[in-house]
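> First the structure, then my questions, so here it is.
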Amino acid sequence: MAYLRKIFFAALIAGVCGGVFASALSISVTVPMIIRAEAYEHATEHAQAGGHGEHEHPEMLAVERNALTVVGMILAYVGFAFLMTVLAELKGSLTSWRSGLAWGAAGYVCFSLIPALGLPPELPGMPAADLLYRQIWWIACAACTVGAILVTETYRNVPAVVTAAVLAALPFIIGAPVASESATLIPVVLHHNFVMGTLAANLVTWLVVGLSLGMLRSQGGTRLADASN
């Protein structure tokens, strides 16, 4: 019980640290670009409505947006931290800050970088495929990438590498959902900056989560792989 309590709080602390870090990066880097994209979207809606639109309070909207960002990021990265902790403890490889960084980098590849190759981050007002199809594809892509990394790291032979390559490629062979239309008022440069900013922020956040877990678990003693024997 003491062991489970240790890994629970290690994952919780690492996830909260990652969520707070992600929130700060999001509010300072990506949210301003989202607001700019919304301005393009609202300008079109305002023109279509004949110039009659509702007047909202930007200060209240900003506070509400930032609060939701913080809560959402913390919940998301706490969940990711628990998943990372379980997998790493089963492998018995979360033993130092260096191994923590490696797991953080793997998390970034699985849940951010590779899925973004098929479904890059989108701004408001951009055409997009059906949300359900995008969610299914994203989950499948992340799961296949996790499986590919685990197979390669566990077996480390040619068949494992081939299996991992097939797993990683499978979502892209099937193909990511595509929007039925491509017209948008969002400038290409703005979307490019948003994608790069989002990926950079995610990389830093995942490394923070991995580093935090590695440092916390390096003091934890028994590993799950040992405890189950």
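Placed from the backbone N, Cα and C atoms, the Cβ positions cover glycine too.
In TrEMBL, annotation is done automatically, which means it is predicted and not curated.
Sharing the record's features from TrEMBL:
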{"type": "TRANSMEM", "residues": "67-88", "note": "transmembrane segment"}
{"type": "TRANSMEM", "residues": "100-119", "note": "transmembrane segment"}
{"type": "TRANSMEM", "residues": "131-151", "note": "transmembrane segment"}
{"type": "TRANSMEM", "residues": "158-179", "note": "transmembrane segment"}
{"type": "TRANSMEM", "residues": "194-216", "note": "transmembrane segment"}
> If you count Cβ pairs under 8 Å, which stretch among 67-88, 131-151, 158-179 touches the transmembrane segment (194-216) the most?
67-88
> Counting only residues 6+ away from its ends, which parts of the chain sit with a Cβ under 8 Å from the transmembrane segment (158-179)?
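Long-range Cβ neighbours of the transmembrane segment (158-179): 114, 117-119, 127-130, 133-134, 137, 140-141, 144-145, 147-149, 151-152.
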